[in-house]
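Novice: What follows is a single structure, and I will ask about it in a moment.
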Amino acid sequence: MKSNTKNSVKRKSPPPVNPNKKFPSFEGKQTSIKDFFFNDTTTPPKTPTQPIRFTQNNNKENDKSNNNNNNNNTITPIKKTTTTTTVVVESFDDSRNTNLIQQFQKASTPSSPQIPNKLPQQENQQQIPNTQQQQIKQLQQQQQQQQQESPNNLFKTIKTTTTTETFEEFLLSQPTTPPPSNTTTTTTTTSSSSPSSSNNITTIDDKNNLIKNNRYYLNDFLIVTETVYKRDKHLFINDEKDYIEGMIETLDRDSQHLFVRLYNRKGPWFQINELKSSNYQNEIKNIGAAIESLVEYGFLEYYSSDKHDYNEIANLLKIDQLKSIASSFSIPNSSGKETFLKVISGEPFKGQSTLFSPKPIYKKKVENLVGESIKIVTEVVELWRMIHHLYFYSWSTHDSKSMIVNNIMGIKYPEYTVWKSKVKKEVQQKEEEVEKEKEEILQNQLIQVKQESDVIDLTQNSSGSSNNNNNNNNNNNNNNNNNNNIKEYDIDLTENESIFPNRESLLKYENARKLEEKSINLYESGGDLVALESILQVCLDELGRSVSKKVKYSFALKFTVGWVYTRILSWSIDIFEKLRKYQQCIDFLMLLIESPYCRGKRGYWWQRMIINHKHLHRSDDALLIAERSLKEDPFLRSGDRLAIEKHLIQLSSPPRRWRIPAGLIQFSYKLKEPISTTIYREKVSNNQQGYKSKYLFLTPQIKINKIKKIIIKSSQSQNNQQKVQSSLSSQIQTQIQTQIQTQIQSSQIQIQSPIQSQSQSQNQTPIQSQINNNNNNILAISSQKSFDSILTTTSINNTQSSSQNIYIDEETSLEITSDDELFPPGQSYKIEKENQLQITNSVKKEEEQEEEEEEEEEGQGQEEEEEEEEIIEITHGTVEEVSLEHYSQNGGWEGIHCETSIFITLYVLYFWDIIFDSNVPHVFQSPFQNSPLDFGSDEFYFTRKEAIDNRIKRLEHSNYDDLLILLNQSWLHNGCEARGVNWKSTSLEQLSIISKCLGGKLIAFISRLLTEDFKSFSHGMPDLLLWKLNNNNDDDIDDKNNNNSSIKFVEVKGTGDRLRDQQRIWIDMLISFGCDVEVCLVKNKKN
């Protein structure tokens, strides 16, 4: 462990506890998880011997040796201590906890200070229990209460016995700090016997109160640490284990709080003065003592002028402080913080007027302004990042923010059991031993047969024995090498307790992810291409070592270095293609094709290799590559195969080749084509890049939004309400109209009624009609809202004259739709606010006159909330929305624009219990997973083959009622984070109708495609799903055959758009099943 005062190496054991060190939060004793169980608050010690008294002089010498003068308590890592101003008594039970104390002493540092036992004299002998059995019963009762009320009850508790226990069996939980001791100066002796007679003993209630006071982020942090430490303890070295055990067992609560706070902040450096004046003091009693504790145990380190660079802490300064340091340079005040940091870094730059470096001057100024600062030790940060990676199995998550969000927002995850290393039963062990014996017998028999055959070969073919032996030796060597390669890179999850079998594999993966993050930052920031090429060269070297290796579990390959290097090289191909370095891309692609990683990208790699050869005018080579990919690659997806077949047909045109080899073309000439429909609509040009084209509807679409309003009800009679309402409305409404007219004229906007706007839109350009339609909607809302707001203002300014139900809109009530194009940002809201101010000032005098007259009649008002509906007309939409309007008016179809999302949702819901089956090993490594680790891989189907096949058969023979049963069971998990499920987009009623229209057979057919090849069929489905319920009696129609409803799949294409390869595959699959599929072409009416 690192220390700031001495130049010492890292300790291989927990650091010693300073006997002269005082911590105000400890309140007289070292608090750790061991003390939580060892210090019995209900059991007195055994017969004490002789008390040792200290004089006042000795107490003064003790005070001088302490670093903090808050109390006079000495600290020992084991013994209980109770102290007053004149006497210090330390005692512990020798007979009850002898074995446990010896084990804890072995785990501590040999250099830790040993304080002799100071046992009290005969004053405490009367408090000894009568029998030892009562003492053991009291201990058991106390530990049961603690176990029930502990928030981090993750592991098994320590049993109260006298037998020897291992260190790993201790309960790893958060320590608690005892309350302050109430010492007096008049007493001369104290006893550590019963709680009633001792003021320093911490009761169970006090400990439970301290546990409840712990923040949720600290609990989450400890849960993550404890879970990973127990499950993956083999991945940590001794120094890292010391850090983890010190965090869980040795540090007090305040130190833990401070460390977690600093770890979750952006650092790395923090000013101590800022920490002491922050809000942390509300939850941490003594921040200074917590910092000293963390520094002593090696978690934090102080800034040192000799050890660290002052530029690391310069970022803590504010912009005004940086300007004062760099005041000697003529730098514009408008410059950013980075400019001033670059200036005070001391590096020479253009415009520097001195030959000598001002670095020492800047260094002194920065250090004086920053003051004392601390940071978390780099090794500690990397350790806990690794712990969080192993807990969440997400290398983009470095802290417990997802757990914090889960606690705050109430986000739920599916119910499953996280995989743990299970102890094999005796029956399983015997069966495995029998199988091993059988395998050994078979291997021995095979060896004997081979030896006999070799003898026969030697006698018959003596002349060619040398050559045959050499060949056999070579073959055996090759087989041995292959076996070694498989063992080296194969991840056998049936034997290992973790996906990472050893520490070396974990560290390699961590370094590879850091390299990937660095390369992405270089690419996004437009960094040096030379640095990026150096990273790619490392990837090439490392990936070349694992090209010929084989693996069993493809989902576990995600956590290997080869997978990461493959991804880096894959996305870098696009960069070099833009730079027209086609040969370099081909070299990368040839290596990627030979690797076993990222099989879903193989089709993309083959296509890019063919295209790059075309760029280099190597058509013959491109043709050979296309043929090789179709012949030899069994991992080609259907859409990728269709694209390569198109390249093959193009390259095989005469005179290069007159005939394509048989068996290579599987899709190009066999795909079924859908029916084509063309509709014409007037296009609205928005002249904005990156936005879809919009087309006018035949009839405006009506959209209803709900607005929350507060109603202030007066206690006056209805007659008075009607009188005041008529007087106010007649005066205010005329002013509203005049004010809106002036505002609109100044903004060059014309007021039109909806009828006038529709009649005039025919004589306007599309963009003018779009503006007018938007403004009509805005003005209609604005005028109504202005009237309500004026009534609100008059009632607030003149509360005693209010006599009607006044509607108060929320400030954000204008933003009532997700369609931003309907409301130009801030325009209508600004008009409304100006109207409110002007009209309020104009009627203020009348309100003051009415205030005096109605002051005596005004009663107390009551507030209520109501929801009102607001109707908005939408005049234009996307090609999909226009198509939905067309099929609604022509055939009465109902439908949604969903593409593949609705079918993935149905697939997950109908297979929920199979997907989240905890019996599949190693697929659930964290409680924060929205899907198993193998979801979407080849192993997902093979490991659950029987269950999936049975569910598909059940769906094929299901009627509507059977589908509803499965759907309702899965809907009980509504709100859980599940991959592919959006609970808010569709309701249970909508899913039920869609399931009824689709039928069990079609749902089973689509589910089989998603199960067997999720990566290919999880995209590319037609845009629209249409359904229509026929007006027939359900009694006369068999729901099982789905004759009472009709469905239609529609792929929508705009001008210049065409079907993609995977879309053509989906269309062919649906038509082959018997579905009605169409392609709707939306074209501009003018053209």
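For all residues, glycine too, the Cβ spot is worked out from N, Cα and C.
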Novice: Among D1023, D1061, D1068, D1076, which residue does Swiss-Prot annotate as binding Mn(2+) 1 at the site that also has E1051, V1052?
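Specialist: Looking through D1023, D1061, D1068, D1076, the residue Swiss-Prot assigns to the Mn(2+) 1 site is D1023.
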Novice: Looking only at DSSP and grouping its letters into three states, which state does E899 (Mn(2+) 2 binding site) belong to?
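Specialist: SS state of E899 (Mn(2+) 2 binding site) = coil.
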Novice: If you count other C-beta atoms within 10 angstroms, which of the binding-site residues E899, D1023 is the most crowded?
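Specialist: The largest 10 Å Cβ neighbour count belongs to D1023.
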Novice: Treating G and I as helix alongside H, and B as strand alongside E, what does DSSP give for the domain 'VRR-NUC' (961-1083) in helix, strand and coil?
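Specialist: Its residues fall into 56 helix, 23 strand, 44 coil.
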